[in-house]
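*Asks:* Could you have a look at this structure, given as structure tokens, before my questions?
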Amino acid sequence: SQVGFEEESQNPPSVGHWKPLMPSKGDKEEPEGGCQDAGGVPEPQSTEQLNVSRLRSSSVEIREKGSEFLRDELHKAQKELKLKDKECERLSKVREQLEQELEELTASLFEEAHKMVREANTKQAAAEKQLREARGKIDMLQAEVTALKTLVITSTPSSPNRELHPQLQSPSKAGFRKGHGRNKSTSSAVVSAASQSVAPEPASRECKEADSILFAEFQAWKESPTLDKSCSFLDRIYREDVGPCLDFPKQELSELVRVAVEQNTLTIEPVAPHTVPVGKVAAEECGGPKKCALSGLPRTCKHRIMLGDSGNYYYISPSCRARITAVCNFFTYIRYIQQGLVRQDVELMYWEVMRLRREMSLAKLGFYPSEM
């Protein structure tokens, strides 16, 4: 066994006299007697046995050194594997942390982007609303400037136009003609917002009771005022008042007048004596100082109308002028309500609308002041 070999290598046997198995040339024979071991027992060995024992001891030593080297290498490899495992674990944690931070960063960026988009949309909506309000104010101011220009042109200190200056008329006439003396269909007579805010004076000795259906329609319209005639409030007024009031024998011209009134592009101005029709339209179509262009009847025409910027004037009779003016007064008032210029109670605004409807009905029936 290996233990026996180790003991033999550690305690080398005593060598006595021996003979070679194959004596070579030049070898000398030795006497058989030789030295003895401590016990006095001779142990003859051959050279071959000695070589075998030496080889065995060296192979055992090599095997031990090899196994020791392999154990060291194994320990080193195990240590390296442990280090690699720790490094892999550390890198895995770093990767997970980076992925989590990346997800949080992406989520925060998306949230910030959505927040910026919402703020931009809110600011855009507010800017568009301000732009619409500014345009409305600009349109109102332009209408008032146009009305002032008309006043300057048609009225002078030496010869004031009493139709454009109600304060110059007598109280009775001024009261009856309130809201009718105008050149533009909306604000040519410069009816300021402050004057519109004043509550209309109730008629003396007159009892009033609001119709529940009409009042409900007006309230619904007042919540979201619009000039779209598809709503129930304006649809009824178009059918019952505006349509009949602007229904003249000359159907084609009547339709043009209605469109001009709705678009606020109708101009009414007094006629100077012996004024000749101007424009490209024939004199028969425009009428004349003695013939109404809307009714086609021979009437004394003190006013003429122009539709938009066409430059064509149409002479109209006092009755036709009263009907057109009544419709213009109604549209002027509801436009002021839509623009938020009327600061009144809903009931007061309702009765003012009813008063304007009554004026349209009376004008349609042919009632108008003699000064028209």
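Any Cβ shown, glycine's included, is placed from N, Cα and C.
According to TrEMBL, the region 'Disordered' annotation covers 1-59, 156-203. Among the features that TrEMBL reports, compositional bias 'Polar residues' is placed at 44-59, 156-172. The domain 'GDP/GTP exchange factor Sec2 N-terminal' annotation in TrEMBL covers 66-149. Annotation comment: TrEMBL describes 67-151 as coiled coil. Residues or ranges marked as compositional bias 'Low complexity' by TrEMBL: 185-202.
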*Asks:* Calculate the per-residue pLDDT averaged over the domain 'GDP/GTP exchange factor Sec2 N-terminal' (66-149) and state the result as an integer.
*Replies:* 89
*Asks:* Helix, strand, coil: count each for the residues of the domain 'GDP/GTP exchange factor Sec2 N-terminal' (66-149), based on DSSP.
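*Replies:* Within the domain 'GDP/GTP exchange factor Sec2 N-terminal' (66-149) the tally stands at 84 helix, 0 strand, 0 coil.
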*Asks:* What are the helix, strand and coil residue counts for the compositional bias 'Polar residues' (44-59) according to DSSP?
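*Replies:* Its residues fall into 13 helix, 0 strand, 3 coil.
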